[in-house]
Amino acid sequence: MASKLLRAVILGPPGSGKGTVCQRIAQNFGLQHLSSGHFLRENIKANTEVGEMAKQYIEKSLLVPDHVITRLMMSELENRRGQHWLLDGFPRTLGQAEALDKICEVDLVISLNIPFETLKDRLSRRWIHPPSGRVYNLDFNPPHVHGIDDVTGEPLVQQEDDKPEAVAARLRQYKDVAKPVIELYKSRGVLHQFSGTETNKIWPYVYTLFSNKITPIQSKEAY
């Protein structure tokens, strides 16, 4: 199997299970899971220049613009030139995808297609610990104590945009922005779309796909 570094991207709407799939890919194949949300939180906490720029938009519940998120992610990717990685939350727009093109070639793109009703149900059951970004789902990943973060003991909250009335708008926005990104990667022959309502049913196919590109470090049973 080739020793070429693997550059992968995962796409999917809020509630599609991207975080869970990324975690399994990282565990099974040794890829670095690079989450734009995680890097944003780190930079905001550290009061970096790019963190301060992003904070202005996040506090107003606005999407962080391309030039800010691209600057942040380019810096992170520059530090990981010698690693296999999986991008989560970037690129979200065609502009971001074009910026990524300038520094590397993406080998593999996964797009998760989850029915709207499933997304609505999942998001309405989702609670988060804002300081860390830890996400819980009351159905399949509940906290040990209801409403409390497992690690810190701090209270969990439900985001306003996870409430059912906001989910439809978020999904429409995702589809509008993601469509040209999906079409771009589809035209290059690197896009693989997975549809379903359960991560556990999608996972074996994702595992097989990655196994054809990179040697697993542990068996697929290791969830």
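For all residues, glycine too, the Cβ spot is worked out from N, Cα and C.
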Further binder of ribonucleoside 5'-triphosphate named by Swiss-Prot next to Gly15, Ser16, Gly17, Lys18, Gly19, Thr20, Val135, Tyr136, Thr199, taken from the candidates Arg126, Arg188: Arg126
Name the residue range among 35-64, 65-94 that Swiss-Prot annotates as region 'NMP'. 35-64
Taking the Cβ of Arg126 (ribonucleoside 5'-triphosphate binding site) as reference, which residues of that chain separated by at least 6 in sequence fall under 8 Å from it? Gly15, Val135, Tyr136, Asn137, Leu138, Gln158, Gln159, Asp162
If we check Cα distances from Arg92 (AMP binding site), which of the recorded positions Gly17, Gly19, Lys179 wins as closest? Lys179
Quick one: of Lys60, Arg92, Arg170, Lys175, Lys179, which of the recorded positions has the smallest count of other CB atoms within 10 A? Lys60
